Amino acid sequence: MSEARRDSTSSLQRKKPPWLKLDIPSAVPPTAEEPSFLQPLRRQAFLRSVSMPAETAHISSPHHELRRSVLQRQTSITQTIRRGTADWFGVSKDSDSTQKWQRKSIRHCSQRYGKLKPQVLRELDLPSQDNVSLTSTETPPPLYVGPCQLGMQKIIDPLARGRAFRVADDTAEGLSAPHTPVTPGAASLCSFSSSRSGFHRLPRRRKRESVAKMSFRAAAALMKGRSVRDGTLRRAQRRSFTPASFLEEDTTDFPDELDTSFFAREGILHEELSTYPDEVFESPSEAALKDWEKAPEQADLTGGALDRSELERSHLMLPLERGWRKQKEGAAAPQPKVRLRQEVVSTAGPRRGQRIAVPVRKLFAREKRPYGLGMVGRLTNRTYRKRIDSFVKRQIEDMDDHRPFFTYWLTFVHSLVTILAVCIYGIAPVGFSQHETVDSVLRNRGVYENVKYVQQENFWIGPSSEALIHLGAKFSPCMRQDPQVHSFIRSAREREKHSACCVRNDRSGCVQTSEEECSSTLAVWVKWPIHPSAPELAGHKRQFGSVCHQDPRVCDEPSSEDPHEWPEDITKWPICTKNSAGNHTNHPHMDCVITGRPCCIGTKGRCEITSREYCDFMRGYFHEEATLCSQVHCMDDVCGLLPFLNPEVPDQFYRLWLSLFLHAGILHCLVSICFQMTVLRDLEKLAGWHRIAIIYLLSGVTGNLASAIFLPYRAEVGPAGSQFGILACLFVELFQSWQILARPWRAFFKLLAVVLFLFTFGLLPWIDNFAHISGFISGLFLSFAFLPYISFGKFDLYRKRCQIIIFQVVFLGLLAGLVVLFYFYPVRCEWCEFLTCIPFTDKFCEKYELDAQLH
């Protein structure tokens, strides 16, 4: 039997042509440490074709090789919390998310802060941000493979032209790539590892018909009097073969099932290879092989594209002996033929789900943001430095972009709130000075007077300052009991305590005034206890009063009965909702027609007893139910929103973050949207919505708190502090990527120029520089604490942990100090206004109707 086999083998060897030589690698027995299906990975030369781009071969373990994992003890809650916290802050030792973050940071740095160092670019091998050029649709150039690498040489497929158009859907990016010629009946390891191999090239399932097409076909069948089912059955009967897509599950899945008949016998191999043109597969002569062995070592040009001149000289893309073209006479002699060692690829079709998944990946494909080279980096022409550590390179490659959900949500809220504010409260006069309105209005004395209303113009095209305060602007008197405002209200109540009802002699009306404002000739000032109508309290006449249209003797609700008698001080009297007597009480202050009631005017809690016409002209809040200013709380009317828990003590501290969602006008909102859709969106794609939201909100709150301390009587709106906190993130990102940037100082000064320009822009009205400064400082602290960054070693990792703790403590100390200054130790700063608004004219910064000096 063995002799017969030897005879057949020798006969096959005699039939083998002299130019054919095959080097079949011998099988290596599997070791005890590694599974057998991983052994082919040791020799990467047999995992791919030379005509294909190099890819990392990855073969999944077959199902029958999987073993049940050993039972392990479940991690404790403390360890889970500790690991999750380390992953969130980016200081975990073995966290995949940390590596992804670091690789993403490098990509962002390359876009935002300029070029990287050349070594960084070489080791990172970042993908190009440009679109696919037209050259990618042409035939890819042949690759050069050194002669000493397992005998693999140049392999040129003259039929490879136009492959980019045929296989562009194999990758998510749609990039073209050369493909190995398909040999039926065999499969290779590369066909399982490469997403660009011919493993995914079976005929696909027929696309399902759309609803519109099926509806149209059903309507046509009904018009013809046929059944839709009959047509479907007739079409199904035409098929006499099984669709190829139904056999996808029967294709080769694992290396154990590879068809090795291709490598079995030399005779069969020669018969199969003889069917291919000689122009494609060529082998060198023995003399040429000996010359190559004696030749000196060549430079490592593996994977490089051949020059056009070399291609023309060697005629690699043209048939050498026969074909559709002939070699030109006088041309250089072709290179000697070399032995071929090429991988054979299976013809298995695409896996299930690729038809839809690939177009979807193309649709949602986005450019990744290199760390430190985002949008601002592209504007400032930043680059990476030439050299970078391989550990840093891996961190950059692992980074993935986040979706900017917070930016989109914030932009939607800003736009919606601005539109509603403008529609409800209208637009104030546009400009940089003050707008004055003069009109003749009926006052509380019963005569018409010329009055003037002064309003600060708003160049942002938006509501007035009073409307913004009512909406939730940053305004200290609404957030705490301001000493000056409280003193102003107390002095007004003290004057009202000694007032009385002034009844005109012609019975035209009465109004609550002081003795100086009541004419002794034309009116009578009904003052208790001098006037005989004074009531008694505890056996003696009351010392303060009277009050127009209010008397404890005739009020039923609330009644003045022992032990709930009304106090001596009229400023503590309640509002009478029901009187027992009619219009005739024989008391002059009760039988007259009242012409003035309390009206809250301005934003400082000022109250006047005046007519409704005058109150409406001054844009005030008229109280028809009250008779004294002490019975109303003007600060509650001015501030709006939720009422105070104690009417005497404002407590709307939530204005610190509520004002971040308000804008002074349409232009102000557009500026914020532009900032958010460029800088904020770019950073959120790098760091994620949770980190950016924390930095954005806390920076804005800190900036508004500092502004409320130094500019307490100015209404400020907008996310000024938050925006400067986000700009601080750019500085932190620049500092963290300082070691990998080619020109870090240049990027630093460019970024500093942008911040100084925005700070100068804050000297205009309605823009708060105190919020800018405080938001920037707090943003620096928060960015150092919450933004993970690229680590350059174990020491740098430990330094990051200390940095997180230190900057969190510093930020909490800053926030606590500002809270103490705001609520317990108010600061009075006279020159602080010049830091946020320079008075170029006498009315350029005229207090916005919010005077720092209350009078």
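The backbone N, Cα and C atoms fix where each Cβ goes, glycine too.
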Per Swiss-Prot, F475 shares membrane side with C832
yes
Annotated as N-linked glycosylation site in Swiss-Prot, from the list N381, N583, is N583
Going by C-beta under 8 A and a gap of 6 or more residues, the same-chain neighbours of S76 (phosphoserine) are none
Ranked by Cβ pairs within a distance under 8 Å of the transmembrane segment (656-676), the first of 692-712, 715-735, 747-767, 773-793, 804-824 is 715-735
Quick tally over 412-432, 692-712, 715-735, 773-793, 804-824 of CB pairs under 8 Å to the transmembrane segment (747-767) gives the top stretch as 715-735
Reading the DSSP string in three states, the entry for S76 (phosphoserine) is coil
